[in-house]
Amino acid sequence: MGVPSPTPLSSLLLLLLILGTRCYARQVHVPRGPLYRVAGTAVSISCNVSDYEGPAQQDFEWFMYRPEAPATSLGIVSTKDSQFSYAVFGPRVASGDLQVQRLKGDSVVLKIARLQAQDSGFYECYTPSTDTQYLGNYSAKVELRVLPDELQVSAAPPGPRGRQAATSPSRLTVHEGQELALGCLAQTKTKKHTHLSVSFGRAIPEAPVGRATLQEVVGLRSDMAVEAGAPYAERLASGELRLSKEGTDRYRMVVGGAQAGDSGTYHCTAAEWIQDPDGSWVQVAEKRAVLAHVDVQTLSSQLAVTVGPGERRIGPGEPLELLCNVSGALPPPGRHAAYSVGWEMAPAGAPGPGRLVAQLDTEGIGSLGPGYEDRHIAMEKVASRTYRLRLEAARPADAGTYRCLAKAYVRGSGTRLREAASARSRPLPVHVREEGVVLEAVAWLAGGTVYRGETASLLCNISVRGGPPGLRLAASWWVERPEEGELSSGPAQLVGGVGQDGVAELGVRPGGGPVSVELVGPRSHRLRLHGLGPEDEGIYHCAPSAWVQHADYSWYQAGSARSGPVTVYPYTHAVDTLFVPLLVGTGVALVTGASVLATITCCFMKRMRKR
């Protein structure tokens, strides 16, 4: 009998049996090519194997095929044979310029530390078989093309159209608050389509340059996105830090409002990027150039203030002029910096800088300090950095030590001003002669005794010794009332007075009744309290003062005094003391009579009910 022919079902079962006993087919993988890299840079080409039999650690061998001999393989390096390299690659393998690095058992990477033009060609990754059957592929090739280094980076000279960089890095001195502007020229002539990224960085003064010491300030990424280093992110967001591209190859960084921490050596780093066949962008070249050594001079180290013309001795009513000079290597006031200047005065022997007399703010607007609003005082800028304070008529109270205070401001983002420095001058003594006015006052209660409801008249006689012609007197009346339950009196309250200009001023009378104050003689004043009441009881005194008027029509107090105490006690009239018992007796009699009448009426009504 003949052998039966296989049926389709049996053939299918046989095929499944064969596939079930053998499911391995070795695959070697390398990146898709061609890969474009730049001479002088490093490259890493990965290789891994899958679907293999045998040990987990596989061996790898790398070969190269040069364009001029595409059929000739040149052994580069192997994971199992240290003598594998051909003579042309031996020195580079020995120096580490060419090496294979194992990532894991079935994956390695070929590393070339510094590409050369003759490294262009096909690279083959081969894996010796450890399989029971020869299935799949045991090698894979990728093309590497080495491009010449066409990347150029240099410092851009000042001016928007500059092209030639200086032979050595410049040294720039920038004042705090000013703009720091640096330019960088970066271009490539590579024939392939590439992108450039440009980054501005700063290294602290005298620090070696490297990735560890170079702090990125701001950079333009390969996708044209602008990003800042972490310490500068806020300044970029506020617009204080800017980066722009001008033309095809010029990049400009502007740091507004330079700070002390901005000092250092600035570099420009340009990187060239190319897109691999797998769609990823890879950096293929990088170069760095020193732009400038920048020194930011802080305003606090430069600001200085001097005053003149020296110690002053003047008489009352004379003008007082003081000059203040602000010096130092300072930026002019304007878009980046502003200044304010003021004068302070402290009485002789008083601690601290004193109180403000007058000042010019950052806008040049003048203002007077507390207590000087009614004075004829001028504060003005008489030269570029010279300021003058003028008091039209000095007073003895103006004597003391004067200091000039200057403040420097820098403008941050927008129009916001930030105080950066301040300086005070040395003290300048000013002496103003006293007028020599001596006042004495004697006050008394006319009549000696006053009763409730009457008018109390208090008189005050003033005597004057010394003083200039035209001296005028003023007098005011004050009362200290005894506080309830206290032995001592409360604070003095103004009752009334007459000023040096003859105008009466009325205060608050304790009893609330009418008050009159008047000048009854050249140096005699009178206070009258009408309708005296018990609330007017207290201790009164007269307080005269001497006033001098200067040519600028301002008044100043040249002297003062205080009289002795005058006790005002409103007595009660004798008839009033008799009238009180009468009222009390009448009241008691009425109450007693009413009580008796009520008792009799009550008893009578009870008897009527019983009947």
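Glycine too: its Cβ is placed from the backbone N, Cα and C atoms.
Since this is a predicted model, take the numbers as computed values, not measurements.
Here is what Swiss-Prot says about this protein:
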SIGNAL    1-25  signal peptide
CARBOHYD  N48  N-linked glycosylation site
CARBOHYD  N137  N-linked glycosylation site
CARBOHYD  N325  N-linked glycosylation site
TRANSMEM  578-598  transmembrane segment
TOPO_DOM  599-611  topological domain 'Cytoplasmic'
LIPID     C602  S-palmitoyl cysteine
LIPID     C603  S-palmitoyl cysteine
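Where Swiss-Prot records a feature, it is marked here on the structure.
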| residue | record | Cβ contacts under 8 Å, 6 or more apart |
| --- | --- | --- |
| N48 | N-linked glycosylation site | V28, H29, L103, D106, S107, V108 |
| N137 | N-linked glycosylation site | R26, Q27, V28 |
| N325 | N-linked glycosylation site | V305, T306, V307, G308, R385, T386, Y387 |
Over the topological domain 'Cytoplasmic' (599-611), what is the model's mean pLDDT? 46
Quick check: in three-state DSSP terms, what is N137 (N-linked glycosylation site)? coil
